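Enquirer: Sharing a structure with you now.
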Amino acid sequence: MVEAPSFRMIRVAVITSIAGSFHFGFNLVLTNPSQEAFLEFMNKTLAKRFDGGLSDNTMQNIWSFVVAILFLGALVGSFSIRFIADWVGRKNGLYISIAAGVLAGGMAIASKFIPLFELYIVSRIVMGWSVSVSLGLSALFLSEASPKQNRGAIGMMTGTCVQLGTVCGSVVAMPQIFGTEDLWWLIYATEIGIMLCFGAALPFFPESPGFLIQRGATEAATKSIAFFYNCDIIDAQKHLNEIKEEQKNSTKKFKMMDVVIKKSLRDKAFIGVVVTFAMSFSGVAVINAFAFEILKDTGLDVLEASLANDAISVVSMISSVVAAVIVDRNGRRSLLLISFTGILICNLIIFGLMFTFYKFGYHVLGFILICFICIFTFFFALGPGPLCYFINAELVGQAARSAAQSWASVIQMLSRFVIVTAFLPMKNQLGEAWSYLILFVAPVAVSLVYLYFSLPETKNKNPFEVEEAIEDLPKFPLCGRSRRVQDRKISEQMVITRQMQLVEDYGSIESLSYRL
């Protein structure tokens with residue numbers, strides 16, 4: 001029977017995640033229900049320079065870029081995580097990211113009262129960097145601080161708090177609360193308050209044992225283990241030796257370019273990148289950023305769209321909790337294929353509802369759309385939502401995990417930036433329905449076909465078993481998968497050569513065995 005996490009560890013996970021990953025979700029959605037308030041602010045600020053203001057289409061095009069620029073900051077932040085974590089530590093790195101978040105929030109508030117819209121744009125970039133670093137460091141801190149048997153449960157707290165952030169951001173930014181032209185600055189004041197309150201609790205926790213051991217602070221590491229594992233010093237020393245052995249066996253680490261150059265890693269890392277690409281182009285980025293606008297465009301009034309947007313966020317959070325139970329009980333391949341199929345069907349129906357409303361204007365279609373967006377959210381949380389964060393690790397193994405995940409993070413942030421930047425301009429040119437079809441149906445359909453023929457089952461499999469699972473995949477009918485047929489007929493010597501290549505990827509046989 002799996003031992004439940006201690007109350008102390010749960011408390012640490014909640015505080016760390018709300019100080020860190022919570023704000024990624026909060027910033028994903030805060031501009032969604034309050035979009036009209038920000039557009040009014042932008043128009044008033046720029047009116048003095050453009051002879052009375054900008055056209056609605058021009059404002060929406062600029063606003064689309066401003067919303068998306070958060071992900072450019074997040075992209076830079078994703079490259080900063082490892083450097084900050086190794087330079088100042090996981091906990092001190094969280095202090096830096098929280099300070100950057102407070103600075104960004106302060107800049108956003110100042111931009112309202114100066115007023116200066118360009119300052120708000122800069123605040124979005126800084127906030128993107130902050131939330132990206134906070135997300136990465138909080139997950140790393142909890143991974144190293146939690147006992148091995150509880151890492152899965154504690155690790156899910158990161159994703160759950162991202163979803164909690166979307167709920168809080170959706171509620172606070174409602175036009176009925178702070179999402180107005182006069183009060184939107186209070187959205188950022190609320191976030192600063194949350195950052196400071198939960199950040200103030202971090203000094204009561206020690207640094208993660210993994211970082212302290214890397215720095216040679218054995219005594220401090222022992223005390224840290226005793227605190228997080230809720231054990232005495234003798235047991236803490238035993239755990240200390242295990243962690244030292246784990247770090248000793250992690251002799252070989254791959255950089256990002258190694259994953260591109262080394263074919264044995266590149267092919268499998270590319271599969272993980274396709275999962276991330278399909279997740280990004282599933283439509284979730286636009287639902288996070290523009291669901292309120294989409295619902296209004298299909299006949300709902302402001303209050304109905306606000307409440308529906310909140311309901312979508314709540315369903316997303318509940319689904320993430322359900323997914324935490326389902327993910328470890330089912331295979332990765334089946335979950336991803338089923339969920340992407342469900343997402344594809346939902347996207348086709350969403351397109352149909354948008355197109356039908358445009359043609360006939362039936363008010364009831366807006367409420368039907370809410371239902372299918374909620375179903376879409378469930379499928380997303382069932383598969384690509386949680387799985388895209390660790391499918392790469394299971395495909396390429398421990399030694400290349402960090403590098404492969406970094407590429408997945410780059411693809412996710414770039415994809416989100418492109419999607420959010422393009423959606424409103426495309427909507428103005430082609431209409432909402434056709435824009436949705438082009439952006440979120442074709443990419444998911446192509447990715448689904450590719451994954452059906454290329455994605456192996458990775459649950460509870462070591463690198464050799466993943467290789468075997470790849471050989472057993474269905475064959476693409478148009479090309480006959482001739483290469484895979486040849487692979488089945490290769491000699492015993494070639495099999496040994498490929499296995500030795502995998503061993504080389506892990507540094508040694510002992511290192512490979514330890515990780516398995």
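Cβ coordinates come from backbone N, Cα and C, glycine included.
Owing to the predicted nature of the structure, the values given are computational and were not obtained by experimental measurement.
For reference, TrEMBL lists these features for the protein:
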DOMAIN    13-459  domain 'Major facilitator superfamily (MFS) profile'
TRANSMEM  12-30  transmembrane segment
TRANSMEM  62-81  transmembrane segment
TRANSMEM  93-114  transmembrane segment
TRANSMEM  120-142  transmembrane segment
TRANSMEM  154-177  transmembrane segment
TRANSMEM  183-205  transmembrane segment
TRANSMEM  269-291  transmembrane segment
TRANSMEM  311-328  transmembrane segment
TRANSMEM  335-358  transmembrane segment
TRANSMEM  364-391  transmembrane segment
TRANSMEM  436-453  transmembrane segment
Enquirer: Might you confirm whether the transmembrane segment (62-81) is in contact with the transmembrane segment (120-142), defined here as three or more C-beta pairs under 8 A between residues 6 or more apart in sequence?
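Expert: Touching, yes - the transmembrane segment (120-142) and the transmembrane segment (62-81) meet the threshold of 3 or more Cβ pairs under 8 Å.
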Enquirer: Run the contact check on the transmembrane segment (93-114) against the transmembrane segment (436-453): 3 or more C-beta pairs under 8 Å, excluding pairs closer than 6 in sequence.
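Expert: Between the transmembrane segment (436-453) and the transmembrane segment (93-114), which are separate recorded stretches, there is no contact, as judged by 3 or more close Cβ pairs.
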Enquirer: At a Cβ cut-off of 8 Å, and with pairs 6 or more apart in sequence only, do we get at least 3 pairs between the transmembrane segment (183-205) and the transmembrane segment (154-177), yes or no?
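Expert: The answer is yes, given that the two segments have at least 3 Cβ pairs within the 8 Å cut-off.
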